[in-house]
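J.: Let me begin by handing over the structure; questions about it come next.
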Amino acid sequence: MTFDKSMLARYFVLGTQNVANEAEFFNILEQALVSGITLFQYREKGQHALTGNDKLRVAQQVRQLTTKYRVPLVIDDDIALAHVVNADGVHFGQGDGNISENIKASAPLFVGVSVSNQAEYDRIAGLRGIDNIGIGPVYETTTKSDASPTIGIAGLNKIVNQSQWPSVAIGGITQKNLPDVLATNVDGAAVVSMITQSKNISETINIWKQL
Ligand code: TZP
Ligand code: MG
């Protein structure tokens, strides 16, 4: 699948470590897929993250579900797994090894790279083979324990407006601050807890669609 920036509009990120158990993981994922997310990133990372065969098994089921709903699948920080399960894209942070090597090893999948601040943007500026960047954390988040300092809407604006790539904002995005995020020139928002904490996932995503 070739990358299109419209995929970034409603970007849902989830790993089993973000929920109580695998059943809940698949339940939330399927509700989000049915309701209209435009991309799913499988991010199995941090305390209680699955590894090895368990991670592979879940990723294969995730591929089946995302294919069923025709939603592109991105794998976070695991290029080998992305190829094995026939994902559409990969995403990595700047601490996840050599960026240029990672980009090369990702072909033909599309590539996203995290940017937490101006210095990180400068480090990748001019590189070939990147399709999109994820910018943040914009706001405080409890989802990522090793998150960089927040950049706020001002910091987001600054990076978005110089970006040579389509971009998606991430970190602490809620229904309340989503309009402020989308008022910048970003192509979309990426969220974990806005969906996992939602009392009504289809309603949350319907509101998102109308913004
Ligand atoms: N990268 C920067 S912040 C973050 C990631 C993966 C976590 C976002 O989670 P939430 O719950 O949407 O703040
Ligand atoms: Mg990473």
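Each Cβ is built from the backbone N, Cα and C atoms, and glycine gets one as well.
Annotations in TrEMBL come from automatic prediction, not curation.
Residues annotated as 4-amino-2-methyl-5-(diphosphooxymethyl)pyrimidine binding site in TrEMBL: Q41, Y42, R43, E44, K45, D76, S114, K144. Under the heading Mg(2+) binding site, TrEMBL lists D77, D96. TrEMBL lists 11-195 with the feature domain 'Thiamine phosphate synthase/TenI'.
Explain the structural surroundings of these features, please.
T.: Within 10 Å of the C-beta of E44 (4-amino-2-methyl-5-(diphosphooxymethyl)pyrimidine binding site) we count 24 further C-beta atoms, all protein chains included. In the three-state DSSP classification, E44 (4-amino-2-methyl-5-(diphosphooxymethyl)pyrimidine binding site) falls within coil.
When secondary structure is read from DSSP and collapsed to three states, D77 (Mg(2+) binding site) falls in the coil class. Other C-beta atoms found within 10 angstroms of the C-beta of D77 (Mg(2+) binding site) number 18, with every protein chain shown included.
For the domain 'Thiamine phosphate synthase/TenI' (11-195), the model's pLDDT averages out at 97.
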J.: When DSSP is mapped onto helix/strand/coil, what comes out for S114 (4-amino-2-methyl-5-(diphosphooxymethyl)pyrimidine binding site)?
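T.: Once the DSSP labels are grouped into three classes, S114 (4-amino-2-methyl-5-(diphosphooxymethyl)pyrimidine binding site) ends up as strand.
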J.: Counting other Cβ atoms within 10 Å, pick out the least crowded of the binding-site residues D76, D96.
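T.: It is D96 that, of the binding-site residues D76, D96, has the fewest other Cβ atoms within 10 Å.
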J.: Can you tell which of the binding-site residues (Q41, S114) has the fewest other C-beta atoms within 10 angstroms of its C-beta?
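T.: Minimum Cβ neighbour count within 10 Å, taken over the binding-site residues Q41, S114, occurs at S114.
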J.: Out of R43, D96, K144, which binding-site residues have CB atoms lying under 6 Å from ligand 2?
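T.: Among R43, D96, K144, near ligand 2: D96.
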J.: Quick one: Cα separation, K144 (4-amino-2-methyl-5-(diphosphooxymethyl)pyrimidine binding site) versus D96 (Mg(2+) binding site), in Å?
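T.: D96 (Mg(2+) binding site) has its Cα 15 Å from the Cα of K144 (4-amino-2-methyl-5-(diphosphooxymethyl)pyrimidine binding site).
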J.: Which whole-number value in Å describes the distance between the Cα atoms of D76 (4-amino-2-methyl-5-(diphosphooxymethyl)pyrimidine binding site) and D96 (Mg(2+) binding site)?
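T.: One finds 10 Å between the Cα atoms of these residues.
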